[in-house]
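Visitor: Sending over a structure as structure tokens; questions will come in a sec.
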Amino acid sequence: MADDKKTNEYTVEMDKLDHGNKNFEAPAPAVRPRGPPAAQLANNPILPVLAYCGSSILMTVMNKYVLSGTDFNLNFFLLCVQSIVCIVAIQTCKSSKLITYRDFNSDEAKKWFPITLLLIGMIYTGSKALQYLSIPVYTIFKNLTIILIAYGEVLWFGGSVTGMTLFSFGLMVLSSIIAAWADIKHAVESSGDATAKVSTLNAGYIWMLINCLCTSSYVLGMRKRIKLTNFKDFDTMFYNNLLSIPVLLVLTFLMEDWSSANIARNFPPADRNGILFAMILSGLSSVFISYTSAWCVRVTSSTTYSMVGALNKLPIALSGLIFFDAPVTFPSVSAIVVGFISGIVYAVAKIKQSAKPKTGVLPMSNPPVSASSQSMRDSLRS
């Protein structure tokens with residue numbers, strides 16, 4: 001049928017010949033139509049980059065909104081709701097044939113369950129740290145996890161660290177010191193009970209330290225365990241969220257206060273709908289991050305994706321200044337800038353390592369990984 005159509009386009013109709021001049025002109029070849037606008041839009045590299053950055057900011061801001069309530073203490077319940085929302089969302093996408101992942105297998109679940117426990121420790125301590133710290137400080141301190149992961153790779157997987165990577169680590173530590181100093185300085189100089197504010201910050205720093213340890217343990221453990229399961233793309237997300245739901249349900253009912261008075265404090269009538277909506281949206285945002293990161297890698301490149309992950313630190317930190325009452329001072333802004341530069345230097349160091357021979361290069365930066373694995377690593381750092 002297509003061949004017939006092409007033939008007809010160049011057929012000369014005899015009754016249209018100019019018999020006087022004995023000349024004739026064939027109709028102009030038909031212009032090949034472009035792809036549909038939707039396909040062109042989907043392949044535009046700007047759109048997936050903006051979508052990835054937006055979903056990262058959305059997740060952080062929604063979590064902070066829920067946790068910033070003065071009396072919110074149902075962290076395990078929040079994480080459970082997010083896991084349930086995530087499972088419902090990806091299962092719906094699978095049923096609609098938008099994504100694919102393997103069906104549940106009990107043997108694979110047993111192999112993956114220890115990683116799920118590490119994940120629960122990571123997301124719980126992360127929620128506690130975000131509850132006590134501002135988004136900019138939380139984002140800056142999250143960079144320290146990169147250092148722990150890098151040296152974990154050196155110790156357990158025989159990797160190495162380049163000079164540029166070490167320089168980026170130094171900038172990360174410096175930005176964290178500046179951020180902590182700016183926070184404590186603002187707490188001491190501001191009106192109100194300075195001692196209570198400093199105590200709150202110290203609690204946040206302790207939770208942040210524990211979170212960095214849990215996050216690095218999770219990433220390193222997942223790297224080793226994934227060789228046994230050969231999980232791809234959304235497989236990891238499916239098992240992580242599915243296996244964490246029963247554990248989180250047990251923890252929330254055993255360790256958290258479910259009295260009517262405490263529920264009223266956590267979900268005041270005036271803000272109840274907004275809090276529940278934010279909890280659901282934060283669960284969906286984790287799906288958005290995985291999907292948009294895979295989209296970003298497919299449309300652009302892994303190099304561009306690495307740079308986007310580094311540049312994404314700045315808008316996430318700025319979102320805390322815009323949407324919440326994070327102090328805007330010269331030291332706090334300086335900490336954000338230094339942390340932003342450290343992320344760029346680290347991304348450039350990773351790109352240069354990837355361009356070199358594989359001998360003696362950190363495994364975390366050299367071997368190809370799936371888009372979901374890469375996005376998970378970056379989302380943990382954001």
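Using N, Cα and C of the backbone, Cβ positions are placed for all residues, glycine too.
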Visitor: Is it true that Swiss-Prot lists TRP156 and VAL297 in the same topological domain, i.e. on one side of the membrane?
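Guide: Yes, same side.
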Visitor: Give me the mean pLDDT over the topological domain 'Cytoplasmic' (222-233), rounded to a whole number.
Guide: 79
Visitor: Cβ under 8 Å, sequence separation of at least 6 from the ends of the transmembrane segment (304-324): give me the contacting residues as numbers and ranges.
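Guide: Counting only partners 6 or more residues beyond its ends, the transmembrane segment (304-324) has Cβ contacts under 8 Å with 45, 49, 52-53, 56-57, 60-61, 64-65, 68, 134-136, 138-140, 143, 293, 296-297, 336, 339-340, 343-344, 346-347, 350-351, 371, 374, 378, 381-382.
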Visitor: Do the transmembrane segment (111-127) and the transmembrane segment (234-254) share at least 3 Cβ pairs under 8 Å, sequence separation 6 or more?
Guide: yes
Visitor: Tell me, please, if the transmembrane segment (328-348) and the transmembrane segment (161-182) are in contact, taking contact as 3+ Cβ pairs under 8 Å between residues separated by 6 or more positions?
Guide: yes
